[in-house]
Amino acid sequence: MSSSSIEDIKGKSHRLRGSLLESLANPTTGALGESDQTLIKYHGSYQQDDRDLREERRRQKLEPAYQFMIRTRTPGGVITPQQWLQLDAIATRYANHSLRVTTRQAFQFHGVIKRELKTTMQAINAALIDTLAACGDVNRNVQVAANPLLSRAHADLYTDAAHLSEHLLPNTRAYYEIWLDEKKVAGAGEEEEPIYGPHYLPRKFKIGFAAPPINDVDVFANDLGFIAVIVDNTLLGYNVTIGGGMGTTHGDPDTWPRVGNIIGFITRADLITISTAIVTTQRDFGNRTLRKRARFKYTIDDRGLDCIVGEIQQRAGITLQPARPFVFEHNGDRYGWIEGEDGHWHLTLSLPAGRIADTEGSTLLSGFREIAQLGIGEFRMTPNQNVVIAGISPGQRAAIDALVTQYGLDTGNRAPTALGRHAMACVALPTCGLAMAEAERYLPDFNAKLQPILEKYGLAEAPILLRISGCPNGCSRPYLAEIALVGKAPGRYNLMLGGDQRGQRLNTLYRENITETEILAALEPLLGRYQQKRLPSEGFGDFLHRTGIIALPPYPTHRHVISSTLQA
């Protein structure tokens, strides 16, 4: 759909109402009307179909097996045990019997059919969780560092992020009328949208809060990032980054991924003001005529960083202070038990591509249900698609450990390679309409193919960062990985190499449109050289750059955040 069509739909939608009620009530199809397929995204859902069944249903002269993905708005991915049980029940009753943890710390339900869409939405809201603005041209789910060590500062970080998430919600009552049966009042459909305006943003907008030395949120991949400045366990404020983004288009030189620029420091008191100024700057300056160039990163590249920063400061009435020193050491999760400063313990468990389900070889859904039934602590989803069972007292650990062992919840932690423990993949086939190749379903097979090569060169415990994406939109943040596969066609991928383990450098296209056999053949000699010639503690991506095998990608944009400029 063209940019003009989408802008027209938004403008005529009566603040995101459209004809959704009529589409939902239409019994002759499992789909929504065309314009409503756009509008439902703002309510937290995508219309999809089971692509595994497309050809068979076409032969039977049936419409596609339409279904809906629903995504939660859970800032920082924090939920209570009771909420976990409610989401588990929803997944079992209305979806495909699985919970999917996303790279933005939300949950996705897949396989919901239209006639149960409203009931499912109501059940999610009954858990005191909503889906408003989880998709669409608005601010999406706000990421927050899942850092269990700095307990007090992390609590303040989460409070700020949750406050900002609420502040940036659309003002329309459409969500509550359509899904929760709120009565319309005079003026419904004409509510003021003081932040978004009648056409909302040109494209989606993503925000992340990071807590050094860990960059688990990949803060430089966000349109707007906040890097916590913590001194003596007190959160003083944030270094602000703008202009990150992963999406691109295969073969189009006018699109590219980008890492954000650090533009200065703010105190906590200025968080809402500066964020509003940044979002409204993108609202007014972003490209609404060419959708593939509508993200904030292109607004900055087209108009210039100095111009955009000047506009932000003018709107906010704030002069940004010089950025404070900080260092990121890595962007992964730390598995196993970790003690926080307050004496509580936190258990991080690695999930295969974020999928929580009971399958022939796994009882993850049942196991986490049993832990939630204990009613202790809380659950935190990580930006790496994993789960933290957080806030556990020393005396409660044994009960958790027993269930972890019984249900094999730490199987991911015990994966035979470090690469496998840290790898990520987007959902891709069969539900994502944009997928060109497999990702989540392919990840375990590809890990298994890489394992003997890694073991051959003594690299089984080398923390090499692998990410797989089914298309170039990059939901798994592949362009920051040391090794990335980006889908081109069924069974074929672009092989990207040379990111780092800190989320600060874009990788580079190494081989284009190649098969698994060709990917493994390309990687083996590089891994062999890495084993022989790497420096102590040198990452694979850093090695590729130091030895000249890989250079920065030729994008006309910001490609690398230099660590030396960030240190005192």
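Backbone N, Cα and C define each Cβ position, glycine as well.
Annotated [4Fe-4S] cluster binding site per Swiss-Prot: Cys426, Cys432, Cys471, Cys475, in sequence order, evidence recorded as sequence analysis. Under the heading siroheme binding site, Swiss-Prot lists Cys475, citing sequence analysis as support.
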Candidate with the highest Cβ count within 10 Å, taken from the binding-site residues Cys426, Cys432, Cys471: Cys426
Same-chain residues at least 6 apart in sequence whose Cβ lies under 8 Å from Cys475 ([4Fe-4S] cluster binding site): Thr102, Thr103, Met246, Cys426, Val427, Ser469
8 Å Cβ shell about Cys426, Cys432, Cys471, Cys475 centroid, [4Fe-4S] cluster site members excluded: Val427, Ala428, Leu434, Ala435, Ala439, Ser469, Gly470, Asn473, Gly474, Ser476
